[in-house]
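Asks: Sharing a structure, written as structure tokens. Questions coming.
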Amino acid sequence: MSVRIVDVREITKPISSPIRNAYIDFTKMTTSLVAVVTDVVREGKRVVGYGFNSNGRYGQGGLIRERFASRILEADPKKLLNEAGDNLDPDKVWAAMMINEKPGGHGERSVAVGTIDMAVWDAVAKIAGKPLFRLLAERHGVKANPRVFVYAAGGYYYPGKGLSMLRGEMRGYLDRGYNVVKMKIGGAPIEEDRMRIEAVLEEIGKDAQLAVDANGRFNLETGIAYAKMLRDYPLFWYEEVGDPLDYALQAALAEFYPGPMATGENLFSHQDARNLLRYGGMRPDRDWLQFDCALSYGLCEYQRTLEVLKTHGWSPSRCIPHGGHQMSLNIAAGLGLGGNESYPDLFQPYGGFPDGVRVENGHITMPDLPGIGFEGKSDLYKEMKALAE
């Protein structure tokens, strides 16, 4: 049976919104949608793998077209196959993409590679005729758990958005089955943020927990001031206080904030993850890690990151990835992560779950769809299918 990649296609799509966090607005936000087209036919249709990058980092069409897609297409197809020769080997495809790339500088490059890598894994699981989460569990010798914790990310700053709108937004998430919600902080003065937090806590009561996210906005002084304010409240976590690479700042905060903290969404390699665990003072009994495979060289690299965690005494259950996409849902279900982010009202059609999947008591159950399961989300698959045709 022939198995080869015959084309890699990319289109940059808008996911813009008038929202903002403490650091950026999303008025010009884009994503790269990628199709990895193979010559394999299943049920009368050519197998195509799909991928896209997470929000917060822009589409990477230039890098994808100029460097990474061409390297895959120029490679000897036989050198991209597994030992049996009946499927692609994602690690070999990944290695082909990274030929002549120097180490370090994990920025936009990691997003471009991660986007293609997502599409490759989608194709691999489809060729195998299995949901990706079950394929991953088999490869790692663990039992898949299709029930995955999800939390609702929102609470952005928005023109004209007062406390009543913020409360209504959070109540809407609870009405849809979520029991952990997240809001932004750091984009307003600390006393205004305190009022916003108290309004949300009053709204959700004992029905849910609240996480807050500073998006890396604070210096140490401000981060400590917020820590002293936030420790008065029973928060799910205090997220990304300062610059993602300022490990000393992160380590210093533990003295002032005994509750759970979370970070990692803007660290894009297993080396950066290792430095966070070495120098960031993260506590494996309470803190959370948010590495996002779509932004950090893909699932091939994410598996290396999980190995780093293991050597430092961390469980994969302390990982709740950023991004709100189905790829991380599959990793969570297949490899035992602690859950996944969700954007119920934002960045559509790329976020969310397959049609018919509902949140119940803060969890969803993964359907048994081949690959990542994009075909089960009709509005998203419409965009993907148009790229592949």
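Including glycine, each Cβ sits where the backbone N, Cα and C put it.
Dumping what Swiss-Prot says about this protein:
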type: ACT_SITE; residues: Lys184; note: active site, acceptor
type: ACT_SITE; residues: His322; note: active site, proton donor/acceptor
type: BINDING; residues: Asn21, Asn55, Lys102, Tyr156, 182-184, 213-215, Glu239, Glu265, His322, 341-343; note: substrate binding site
type: BINDING; residues: Asp213, Glu239, Glu265; note: Mg(2+) binding site
type: SITE; residues: Asn55; note: site 'Transition state stabilizer'
type: SITE; residues: Lys182; note: site 'Transition state stabilizer'
type: SITE; residues: Asp292; note: site 'Increases basicity of active site His'
type: SITE; residues: Glu341; note: site 'Transition state stabilizer'
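Please situate the listed features within the shown structure.
Replies: Sequence-distant contacts of Lys184 (active site, acceptor), defined as residues of its own chain at least six apart whose C-beta falls under 8 angstroms from its C-beta, comprise Asn21, Ala22, Gly155, Tyr156, Tyr157, Val212, Asp213, Ala214, Asn215. Lys184 (active site, acceptor) carries a strand DSSP state (E or B).
For His322 (active site, proton donor/acceptor), the count of additional Cβ atoms within 10 Å of its Cβ stands at 27 [all protein chains shown].
Long-range Cβ proximity for Lys102 (substrate binding site), meaning a same-chain Cβ under 8 A and a gap of 6 or more residues, is found for none.
In the three-state DSSP scheme, Glu239 (substrate binding site) is classed as strand. Listed in sequence order, Lys182, Ala211, Val212, Asp213, Ala214, Asn215, Met261, Ala262, Thr263, Gln290 are the same-chain residues six or more apart from Glu239 (substrate binding site) with CB atoms under 8 A from its CB.
DSSP classifies Asn55 (site 'Transition state stabilizer') as coil under the three-state reduction. Residue environment of Asn55 (site 'Transition state stabilizer') contains 25 other Cβ atoms, counted within 10 Å of its Cβ in all protein chains.
The Cβ of Asp292 (site 'Increases basicity of active site His') has Ser54, Glu265, Pro321, His322, Gly323, Ser328 as same-chain neighbours under 8 Å, each 6 or more residues away in sequence. Under the DSSP three-state reduction, Asp292 (site 'Increases basicity of active site His') is assigned to coil, being neither helix nor strand.
In the three-state DSSP assignment, the secondary structure recorded for Glu341 (site 'Transition state stabilizer') is strand.
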Asks: Among the binding-site residues Asn21, Ser342, which residue has the fewest other Cβ atoms within 10 Å of its own Cβ?
Replies: Asn21
Asks: Would you identify which of the recorded positions Asp213, Glu341 has the most other C-beta atoms lying within 10 angstroms of its C-beta?
Replies: Asp213
Asks: According to DSSP, does Asp213 (Mg(2+) binding site) sit in a helix, a strand, or coil?
Replies: strand
Asks: Measuring Cα to Cα, how far is Glu341 (site 'Transition state stabilizer') from Asn55 (site 'Transition state stabilizer') in Å?
Replies: 12
